[in-house]
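Trainee: Per Swiss-Prot, the features are:
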ACT_SITE  K96  active site, schiff-base intermediate with DXP
BINDING   G157, A183, G184, N205, T206  1-deoxy-D-xylulose 5-phosphate binding site
Amino acid sequence: MLKIADRQFSSRLLLGTGKYPSFEIQKEAVSASESEILTFAVRRMNIFEESQPNFLEQLDLSRYTLLPNTAGAKTAEEAVRIAKLAKASGLCDMIKVEVIGCDRSLLPDPVETLKASETLLEEGFIVLPYTSDDVVLARKLEELGVHAIMPGASPIGSGQGIINPLNLSFIIEQAKVPVIVDAGIGSPKDAAYAMELGADGVLLNTAVSGAKDPVQMAKAMKFAVEAGRLGYLAGRIPEKNYGIASSPEEGKLTI
């Protein structure tokens, strides 16, 4: 089970809800993923405009936990305002803190992320910050009291997969809160690898919404996350430079 604060989830796959070809495909992909946590950008939702289309209306919200995010924020103050807007609209008090420091790479601003996380913790939010794979920054966020750490595998939407597995493994090793690999996942292989490293979960969006068949890809990601987790728990064999026969020498037939 994935445990975030006082909540437990059977699925370790968190799914983003942006950029799907249609509401219908989005709904089918969400269902196929069997994800229980759905994230979305508050700024791109028509929360207070009932006349405008809203993907939340297409879903059975009793089945999902909503994870609003502060995408579009460039300062801690902006992120806090967006989080409060989400809470005021009756959405979940969990918030994914996302403060972008570079428009080209979409990498997070470490200083503003720390500031926003600290303020939102003081306001009583369940805080899940999107961060880089900086090991020290991850530790500082945990020391603040965040409820999960969400290091990026690579830049948002890049599909490059896990660029720095060593740093991710360091973050996972030191963390006492869930580590959810977020951003840059491009294929089921990437999702499985993140879980094999020991991550507690994977959050992805573009890998599914941008696939030729988002519904099938959502299903593939579900199985990849499950396989990676099982592989991690089972324990892989150590790598060696030379081959080792799988058949024992003892009792070998002499011909």
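Every residue, even glycine, has its Cβ placed from backbone N, Cα and C.
Computed from a predicted structure; not experimentally measured.
Structural setting of the listed features?
Mentor: Cβ environment of K96 (active site, schiff-base intermediate with DXP): T39, L67, P68, N69, T70, L128, P129, Y130, M150 lie under 8 Å away, each six or more residues apart in the same chain.
The secondary structure of G184 (1-deoxy-D-xylulose 5-phosphate binding site), as reduced to three states from DSSP, is coil rather than helix or strand.
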Trainee: Test of understanding: give the count of other CB atoms lying within 10 angstroms of the CB of T206 (1-deoxy-D-xylulose 5-phosphate binding site).
Mentor: 18
Trainee: Let me know the most crowded of the binding-site residues, choosing from G157, G184 and counting other Cβ atoms within 10 Å.
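Mentor: Answer by Cβ density within 10 Å: G184.
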Trainee: If you run the three-state DSSP split on T206 (1-deoxy-D-xylulose 5-phosphate binding site), which class comes out?
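Mentor: Looking at the DSSP assignment, T206 (1-deoxy-D-xylulose 5-phosphate binding site) belongs to a helix.
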Trainee: Quick one: of A183, N205, which of the binding-site residues has the smallest count of other CB atoms within 10 A?
Mentor: N205
Trainee: Other than G157, A183, G184, N205, T206, which residues of the chain come within 8 Å of the 1-deoxy-D-xylulose 5-phosphate site, judged by Cβ distance to the Cβ centroid of those residues?
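Mentor: Apart from the listed residues, the neighbours are G16, P155, I156, S158, G159, I185, L204, A207.
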